[in-house]
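Undergrad: Input: one structure, supplied below.
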Amino acid sequence: MAAVERKQPKEDGGQDGGEDAYGWGMRQVQVGLLFGALSMAYVFRINLSICLVEMTDMNSTRTDVVFYDWNASERGLILSSFFWGYIVTQVPAGILAVRYGPKWFLFVGVVACSVLSALTPLAAQWGGWQLVLAWRVMQGLVQGFIYPSSHAMLSRWVPPLERGRATAIVYNGISVGTVASMAGAGALSASPLGWPSGFWVPGVIGLVWGAAWVLLAADAPSTCKRISPAERAYIERAFGDTSSGQKKHPVPWKAIMTSLPMWALIIVHSGQNFGHWTLLTEMPAYMKQVLGFDIEANAVYSSLPYICLTISSLFVSWFGKVVNENGWLSLNVSRKTFQSVAHWGSGATMLVLGLVNVSSTMAIVLLCVAVAFEAGTLTGYLCNHMDMSPNFGGAMMGVTNCLAAVVAIIAPLLVAAITGDSEKLTLEETTMRWNIVFILAAGVYFVGNLLWVLFGSTDVQPWNTPKQDEEEGLHSGSGDTTATVEEHCK
């Protein structure tokens with residue numbers, strides 16, 4: 001295949017020398033908006049996990065709001081149903097965002113979720129758990145556009161030497177949205193407005209984000225009316241002749257789906273989804289059933305691990321950038337080291353939680369440590385799509401996110417099957433069942449990461465460069481920009 005050009009930062013501090021060489025501009029505005037998009041996406045994913053604990057609390061003494069007698073199986077189906085819709089739009093979203101631009105697909109993803117969130121209390125009143133389930137499926141359908149569109153925006157707007165920092169900022173929206181949702185939904189559920197406000201307030205905030213997105217976002221620098229000519233020139237120079245949208249090629253699906261490193265990436269992404277979503281969607285239930293916290297304490301303690309994740313993410317994104325820029329480790333060793341710390345560290349912590357009888361305080365500490373370790377994924381598998389194929393990284397993310405979402409569907413259903421109805425069990429029996437959940441999640445983390453360490457790759461794959469580009473000496477792709485592997489996700 002054609003050689004991939006290696007761009008080096010200019011020693012004289014010229015405009016190709018990174019973020020500090022140019023300073024603030026519209027590309028940072030796009031990053032901020034994407035941070036908001038991922039924050040809101042996770043608020044909408046998680047607020048139900050908190051509110052569901054309160055809205056199904058048949059022992060509550062409140063008379064000003066409605067409560068629903070939904071059993072563990074029905075609750076598990078509701079928590080799982082988001083991903084039923086989510087998997088459907090992942091791959092089409094990646095293709096459509098590349099072909100037609102990501103701006104409006106991202107807008108629909110967030111704003112439609114906002115409307116559906118605000119209407120969730122009415123859905124519960126009109127159609128019970130079945131209509132709430134349908135609502136969640138629709139939220140999953142529209143949210144399927146958010147990740148691939150965000151990847152497409154980053155690859156169009158952010159120069160290679162700035163990509164690591166920008167990616168870390170955007171993905172920190174996940175932990176910020178998680179903390180905001182858990183703490184906010186709990187506080188709102190305990191307020192005079194009750195649990196319905198846990199759906200109304202995020203819905204309004206999402207609509208405000210949508211207005212800002214319409215005014216300030218653009219598919220690419222070339223279509224942005226607010227960008228200065230100097231910043232546009234800086235971004236174009238950073239990308240060389242490979243700026244998005246100049247030349248497009250069909251995605252080499254057969255080559256991608258028969259690639260061993262690609263399947264290793266799918267497996268580690270699936271393992272991440274199993275462990276991550278087991279904790280994220282089920283932690284409030286664990287806090288109530290085993291640790292015995294009420295809704296306000298539940299929300300606070302459930303959010304603590306994600307506050308730790310936010311802090312650890314800032315450190316990991318900085319330290320990973322230092323490691324890669326200074327060449328302390330090869331890219332392959334760096335990626336797999338950070339990823340192994342993330343999954344094997346989290347897995348070991350959950351194994352302790354499952355095997356050792358600990359106090360409530362120690363359980364919360366262990367959960368905080370387990371979730372904080374996940375920060376390593378920011379410079380681990382999450383960057384591997386662009387490592388292997390700068391040209392088709394967005395499409396690859398659509399595939400891995402789609403297949404990993406299947407695992408996210410299974411996780412809450414499996415947890416519900418293992419834990420059963422806690423109301424019918426003793427505390428000892430309930431605790432034992434939750435221990436099985438933690439041990440299972442630890443095993444999935446260990447095996448999934450081991451397979452990626454053995455069979456994953458950070459090398460640019462042969463199918464990254466279309467044959468016609470090899471002949472012409474070009475590096476243009478289907479919407480994602482080409483740059484050196486070392487420059488991606490530093």
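Numbering starts at 1 and runs along the chain as it is shown here.
Heads up, the Cβ atoms here are built off N, Cα and C, so glycines get one too.
Note that the structure is a prediction, hence the values are computed from the model and not measured.
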Undergrad: Looking at 104-123, 344-363, which stretch does TrEMBL describe as transmembrane segment?
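TA: Residues 104-123 are the ones TrEMBL records as transmembrane segment.
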Undergrad: State the non-local partners of the transmembrane segment (199-218) in its own chain: residues 6+ outside its ends, Cβ under 8 Å from one of its Cβ atoms.
TA: 26, 29-30, 33, 36-37, 40, 43-44, 47-48, 51, 103, 106-107, 110-111, 113-121, 153, 181, 184, 188, 193, 224-227
Undergrad: Which residues of the chain, 6 or more past the ends of the transmembrane segment (299-320), have a CB below 8 A from one of its CBs?
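TA: That would be 50, 164-165, 167-169, 171-172, 175-176, 178-179, 182-187, 189, 279, 283-284, 287, 291, 293, 334, 338, 364, 367-376, 378-379, 490.
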Undergrad: If I take every residue in the domain 'Major facilitator superfamily (MFS) profile' (25-460) and average their pLDDT values, what number comes out?
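TA: The answer is 88, the mean pLDDT of the model over that range.
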Undergrad: Under 8 Å, at least 3 Cβ pairs, sequence separation 6 or more: does that hold for the transmembrane segment (104-123) versus the transmembrane segment (33-56)?
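TA: Yes, the transmembrane segment (104-123) contacts the transmembrane segment (33-56).
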Undergrad: Should anything in the same chain at least six residues away from the transmembrane segment (76-97) have a Cβ under 8 Å from its Cβ atoms, list it; otherwise answer none.
TA: 45, 48-49, 52, 70, 105-106, 129, 132-134, 136-145, 147-149, 151-152, 251, 281-282, 394-399, 401-403, 405-406, 408-413, 415-417, 479
